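Report on one structure; see the data block that follows.
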Amino acid sequence: MKALLRALVTLLVLVAGWQALVWATGLPRYLLPSPLAVADAMQRQAPLLLTHGLTTLAEILIGLVAGVTLGGVSALLLARFRTARRWLMPLLLVSQAIPVFALAPLLVLWLGYGMASKIAMAVLVIYFPVTTALFDGLRRTDPGWLDLARTMGASPAAILWSIRLPAALPAFWSGVRVAAAVAPIGAVIGEWVGSSSGLGYLMLHANARMQIDLLFAAVLVLGLFAVTLYAAVDALARRALPWQPDTQPAEDANP
Amino acid sequence: MTPLSVTISRARLTYGGTLLFSDLTLELPAGRTTCLLGPSGVGKTTLLRILAGLAEPEPPTQVVTGDGQPLAGRIAYMAQQDLLLPWLTVLDNVLLGDRLRHRRPGPARVEQARALLDRVGLAGRERDRPAALSGGQRQRVALARTLMEDKPLVLMDEPFSALDAITRLRLQETAAETLAGRTVLMVTHDPLEALRIGDRLHVMTGRPAVMGPALEPSGPVPRRVDDPGLLAHQAELLRRLAE
């Protein structure tokens, strides 16, 4: 509760600073709208923001689920099969050398102006962090556990499933946290390149019409999505790993 | 489970071009606890790992069992670390072997695991996670897990060396009582530990290392710490180790 209050105070100070900047410089509304003007735009355009927001939210969530699933399965295959490692690892690394955003126009060309190209974009940005996080985790199993499992006559599949995977879950969830943070970026970039709905589309549209207050409102909604998504994933991760101690210094939690 | 005798003979080990030992023989009589002492780096852990199937034996090393059958799948292993899986409960950790062999533990196995936990003094802690236990308690769970495997040969690699002195003494008693009648090889640094629970003690020293003659202290295990015979033997062992 106290942490929330502190965050609110920080936010209030920032907003007050913003308002003060607008007053002090007298910048016109089409360059820097005041917080009040943004709040006003948010209220007036609520139905519009909601429609476009839902499109973007759907893209983010579907992209996140698909990207995390795909990344998780890839990491497991890489860890289990030497052939997969030898043939796919270099490909995976090289694929990351290509900036995913450069592929956005191509995705729109192939998959169209609808949600599919944005979901594909989100999957592309999510896939690598999840795959590498889980694969790294799977590679770093305590050798003692592996020795023990071998003396117990465990098959490689049983070792992967019962020891290496659970041991790698903390690393996997770190990857999912990163994925949750980058998923909105993927979706919005996709929308910028070509779309007929979504918050990214709304931003471009508002920008072209000098409705900067609406642009700000769209950014705020997107920010809200991102923060909520991150908090949800974080809560999920803590639930999934009750045995994983949080070793952050205790004074952080209890002032 | 009938006890098994195991002999490792003509053992040879080179590490990084250095010969650590060659033509070494270690006999593990059936139903007895053999302790292997020696300074760090002498190769005693490697001997144990060869028996455990965790290290490839270097030719011409030979492992021969009393019944002529291969040793694979017939050993239980206990290490210096408890190696408990933090995401499993104490009970599930004891039943880990079944789970890894894709055998859903039936009520009889679960009951057996509970009985073993009771025997090592952890009744009532079945549902706890390892993080809730002290170092000594965790090693007791590891001992229960080793006994649960119920294998003809038990291999222990410095199982109690990470514990404090008093906890170690108590665990040695539990181990000696629960392992009685099994073939056990225990690698240790601690002469007192070997003297408390070992039937036969070997000291491995030198480079290349040689296996000292077996020392067989008298009296039933676990022997008392203040046993005068034990103290005399300890002095003798320390002298051999320092050679």
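Each residue, glycine too, has its Cβ placed from N, Cα and C.
Residues annotated as domain 'ABC transmembrane type-1' in TrEMBL: A:53-233.
Sequence annotations record features per position, and here TrEMBL assigns transmembrane segment to A:60-79 (among others). For the transmembrane segment (A:60-79), same-chain residues at least 6 beyond its ends with a Cβ under 8 Å from one of its own Cβ atoms are 85, 88-89, 92, 115, 118-135, 138-139, 160, 164-165, 172, 175-176, 179-180, 183-184, 186-187, 225, 229.
The transmembrane segment annotation in TrEMBL covers A:91-113 (among others). Residues 74, 120-121, 124-125, 128, 131, 186, 189-190, 192-196 of the same chain lie 6 or more positions beyond the ends of the transmembrane segment (A:91-113) yet place their CB under 8 Å from a CB of it.
Look at TrEMBL and you will find A:119-138 (among others) tagged as transmembrane segment.
The transmembrane segment annotation in TrEMBL covers A:182-202 (among others). Same-chain residues lying 6 or more positions outside the transmembrane segment (A:182-202) and placing a CB less than 8 Å from one of its CB atoms are 48-49, 51-53, 55-56, 59-60, 63-64, 67, 100-101, 104-105, 107-108, 113-114, 117-126, 129, 214, 218, 221-222, 225-226, 229.
TrEMBL lists A:214-233 (among others) with the feature transmembrane segment.
If one looks beyond the transmembrane segment (A:214-233) by at least 6 residues along the same chain, the residues whose Cβ comes under 8 Å of a Cβ in the stretch are 33, 38, 41-42, 45, 49, 52-53, 56-57, 60, 64, 173, 176-177, 180-181, 183-184, 188, 199, 202-203, 206-207.
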